[in-house]
Amino acid sequence: MAALSCLLDSVRRDIKKVDRELRQLRCIDEISSRCLCDLYMHPYCCCDLHPYPYCLCYSKRSRSCGLCDLYYPCCLCDYKLYCLRPSLRSLERLRRTTNRILASSCCSSNILGSVNVCGFEPDQVKVRVKDGKVCVSAERENRYDCLGSKKYSYMNICKEFSLPPCVDEKDVTYSYGLGSCVKIESPCYPCTSPCNPCNPCSPCSPCGPCGPCGPCGPCGPCGPCDPCNPCYPCGSRFSCRKMIL
């Protein structure tokens with residue numbers, strides 16, 4: 001158990017680090033491939049006009065960045081993005097694996113299910129319980145400027161599963177936990193039949209007092225000895241024989 005706790009702590013720290021890196025990479029991915037330092041404030045820039053963290057124009061420039069040729073000698077608009085895309089995919093795989101480990105190692109017996117909502121904020125997640133089913137949905141709108149025009153992109157997920165027969169819809173609760181997982185819980189562990197309450201134990205009866213010992217009865221008189229057989233006198237070693245003539 002101690003080794004498992006240490007492993008989970010290290011995994012949680014890795015998840016926080018991964019979250020920070022994913023947020024940075026998504027910001028890069030949502031921006032246009034061209035550096036718009038002259039028109040707009042680029043989200044990742046270090047030039048004199050827009051100090052850090054609003055540009056990376058002093059780094060190497062990608063050939064597809066056209067506007068940076070007019071004002072700045074180099075840029076990292078595309079270079080950093082394409083170099084880090086393999087890392088982004090590996091981090092996503094690590095997140096999914098970690099979420100499965102955390103879900104399987106949870107010791108709470110009242111968890112009905114968990115849904116991974118990575119990439120969504122808690123206020124963007126909705127949970128609806130109706131007709132014996134739980135529906136977890138999340139939707140996010142991405143908006144960014146590109147060459148004077150605004151572009152929009154949408155991202156949504158929807159997961160649904162049925163409740164066990166013994167769980168009431170009013171008792172279902174949910175929480176947004178570690179690893180961007182929404183946990184659906186109920187106050188009673190789901191079972192096929194409702195649990196019967198335990199009968200109270202009956203109190204122990206008091207022990208009865210020990211009865212007094214009865215007096216010993218008088219010894220009976222010894223019976224009289226039987227008379228000796230005349231054929232076998234007492235103390236004789238040989239029996240008398242009757243001679244027949």
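Glycine is no exception: its Cβ is also placed from the backbone N, Cα and C atoms.
For Ser5 (among others), the entry in Swiss-Prot reads phosphoserine, with the evidence type a large-scale study or a structure entry. For Ser5 (phosphoserine), the number of other Cβ atoms no farther than 10 Å from its own Cβ, over all displayed protein chains, is 10.
Under a cutoff of 8 A between CB atoms, and with a sequence separation of 6+ in the same chain, Ser10 (phosphoserine) has no neighbours. Under the DSSP three-state reduction, Ser10 (phosphoserine) is assigned to helix. Annotated phosphoserine per Swiss-Prot: Ser10 (among others), in sequence order.
Annotated repeat '1' per Swiss-Prot: 34-38, in sequence order.
Marked as region '2 X 5 AA repeats of [RC]-C-L-C-D' by Swiss-Prot: 34-78.
The phosphoserine annotation in Swiss-Prot covers Ser64 (among others), and the record cites a large-scale study or a structure entry as its basis.
What Swiss-Prot lists as repeat '2' is 74-78.
Summarising the annotation, Swiss-Prot assigns phosphoserine to Ser87 (among others) and lists a large-scale study or a structure entry as the type of evidence.
The annotation phosphoserine is assigned in Swiss-Prot to Ser108 (among others) on the grounds of a large-scale study or a structure entry.
Per Swiss-Prot, phosphoserine is recorded for Ser109 (among others), and the stated evidence type is a large-scale study or a structure entry.
The phosphoserine feature in Swiss-Prot is assigned to Ser137 (among others); the stated evidence is a large-scale study or a structure entry. Within 10 Å of the C-beta of Ser137 (phosphoserine) we count 17 further C-beta atoms, all protein chains included. The DSSP secondary structure for Ser137 (phosphoserine) is strand.
Other Cβ atoms within 10 Å of the Cβ of Ser153 (phosphoserine) number 10 in total over all chains. The phosphoserine annotation in Swiss-Prot covers Ser153 (among others), and the record cites a large-scale study or a structure entry as its basis.
Taking a C-beta cut-off of under 8 angstroms and a sequence separation of 6 or more, Ser175 (phosphoserine) has the following same-chain neighbours: Val182, Lys183, Glu185. Sequence annotations record features per position, and here Swiss-Prot assigns phosphoserine to Ser175 (among others) based on a large-scale study or a structure entry.
Residues or ranges marked as phosphoserine in Swiss-Prot (evidence: a large-scale study or a structure entry): Ser180 (among others). Ser180 (phosphoserine): 20 other CB atoms within 10 A of its CB, across all protein chains. According to DSSP, Ser180 (phosphoserine) is assigned to a helical segment.
The region 'C-X-P repeat region' annotation in Swiss-Prot covers 195-233.
In this structure, the C-alpha atom of Ser137 (phosphoserine) lies 31 angstrom from that of Ser5 (phosphoserine).
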